[in-house]
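Have a look at the structure below before the remarks.
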Amino acid sequence: MVTEVCSMPAASAVKKPFDLRSKMGKWFHHRFPCCKGSGKSNMGTSGDHDDSFMKMLRSKMGKCCHHCFPCCRGSGTSNVGTSGDHDNSFMKTLRSKMGKWCCHCFPCCRGSGKSNVGAWGDYDDSAFMEPRYHVRREDLDKLHRAAWWGKVPRKDLIVMLRDTDMNKRDKQKRTALHLASANGNSEVVQLLLDRRCQLNVLDNKKRTALIKAVQCQEDECVLMLLEHGADQNIPDEYGNTTLHYAVHNEDKLMAKALLLYGADIESKNKCGLTPLLLGVHEQKQQVVKFLIKKKANLNALDRYGRTALILAVCCGSASIVNLLLEQNVDVSSQDLSGQTAREYAVSSHHHVICELLSDYKEKQMLKISSENSNPEQDLKLTSEEESQRLKVSENSQPEKMSQEPEINKDCDREVEEEIKKHGSNPVGLPENLTNGASAGNGDDGLIPQRRSRKPENQQFPDTENEEYHSDEQNDTRKQLSEEQNTGISQDEILTNKQKQIEVAEKKMNSELSLSHKKEEDLLRENSMLQEEIAMLISGDWN
């Protein structure tokens, strides 16, 4: 809510809220703070108020009329309506038609937890009214006049700076630097900066010369002050910094320069608004985009606990709502009154915003469901692969067992053929071998001896040993080749990863170089501006 005491524009600049002034007459002038101090009379043609209208107003407002209008306090009659309270529908129309003046004028609206005038009337916007100074010639001395109008020759300015204090203040606590910066007199600003005047002096509203230069959009003076080390994070009496005023002016280049010199992107004013929240509140879409790119906090809260999304919904800006939803902001966050962005959209009848929020919520639900389903599928796949591996291993074991008797039979046949070649009882062979071979029972003679693996100085042919060694060599070669192949594949994977890392490093270096180039370009532009100023100054000397 706005504060109770605030600066208001002149009464002539305020539109009449649905002929309320003419009907209430002098009571309007006496009872409404926004009309006090105006030079014009608010009386109707009759010179007094309309009694019938006042009776209707009192009956519909009920106890709110009794609390808000001093003319009703202490009267013997009750101002409460027939229902015992005020008419809500009438109060809603009154608030909607009067706008923020309702919040200023009616004490029953001040300090309440609920918003009575929507997103635009909740904050004190008087900080951004009348950015330039109101100057009267008779209130300024020679130096301040020269700084404000800037039409004094350079030699005379130098003489003035010698004779008077350059940091002297006027009645509004303004220095010559304040006046020159606010009015864009860059030559005077440069002279004062060269003589090392005080940079961060505060005027009667606690504003520095840099704040006034930003507020009045004097770019050249802003750059001069920043280069000489002016502090851009000093808040004024409203809590606004230079970046707040740049956002209010929707000056993206100014905001970029301030951030480059170290402005705090998360500083809050007395309403709890960061520069991003202020841009959303005032529907400055281009600056909001810029601040989002500069990684401003999208979850920052104002003094009512409202996020940027809730403020955008309250202002009815569908484009900013869509821009914030693209950044995956939290839709379910609540303010201090316990309301979400969707509830504000429904109560304000913003149908387009309601559709945007519902579509975003559906997409988020689909993402969550897909993320939850993926691990289950992975587990199923791994379990199926393991079962297939077990089946393959089980099938391979019977095959090996079936191959072993076939190998034994082949060996027995070879032994029988050798026995036939060398005769019935060859030299060096024991009798059990010959008996087993002649009887034809390979299982009784040769096979049991092979199973027990006790050779008894047998002299078998060398061909079997050579074949056995050759098989072992082939197996070892296969294993070596497989290990080499796996090593090669691992090396390829490592090289690919190294290449990816190198590409990522190149991208990072290119981005850093681009940012350095941009900074250098800005500095070059500043130096060129300084050279141009120097040329102009030298031309004045000549």
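Cβ from N, Cα, C; glycine included.
When the ranges 139-188, 489-538 are checked against Swiss-Prot, the one recorded as coiled coil is 489-538. For the repeat 'ANK 4' (238-267), the model's average pLDDT works out to 95. Residues of the same chain lying 6 or more positions beyond the ends of the repeat 'ANK 1' (138-171) and with a Cβ under 8 Å from any Cβ of it are 177, 179-180, 183, 185, 187-188, 191-192, 195, 197-198, 201, 203, 537, 540-541.
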